[in-house]
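One structure below.
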């Protein structure tokens, strides 16, 4: 056996080959679009998120530009006249009512029109609803325009007044001046030039004091009343 501790004069021994070990994808990024399929959907979610952010920013910019161009002002509602010919609560809690209402709707905008697709009027005494009307026809209101609409609430309704509401009613019966709320539910769209907006549903509330017309001795005359508009 040759002496292993002796010198070796043969050909040089090549260095050992490096073995590479795959440890999967490095880093938190997902690379190009072709790598997205193997990225457990993270790339797709990132793209969708970026698209949504871009759309939101563009919509915000568009809304700002529209506002700067058109400078929208709030629509104004007034009850110009109210006529109450009956408002009687019988012992069985049936309320008989007959109320005529006239409204003015003012569009103060110079460049914005309004489509009134639906107007529903409800009558309330305290928190109790006693009547509803949706017989106002839909219409378009142009720039800087005032429109007069009217409706009638008539019929009978079971109402269950609490102690405070019954006390208020007794006071109103004695004075013959009734504290009635008219609430409007609208479906409207705005027109900006050739562009029509999506549908809005503002709520209108009018706090009224209406004299009973059969009583001519109170001397109280209905006063036109501005309504609160809540978009």
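Keep in mind that glycine also has a Cβ here, set from the backbone N, Cα and C atoms.
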Exercise. Do you know which of 47-67, 68-88, 89-109 Swiss-Prot annotates as transmembrane segment?
Worked result: 47-67
Problem set entry | Alpha-carbon distance [residue 135 (N-linked glycosylation site); residue 102 (N-linked glycosylation site)] in Å | 13
Seminar exercise, completed: Most isolated by CB count within 10 A, of the glycosylation sites 102, 135, is 135
Seminar exercise, completed: Rounding to whole Å, the Cα atoms of residue 135 (N-linked glycosylation site) and residue 145 (N-linked glycosylation site) are apart by 21
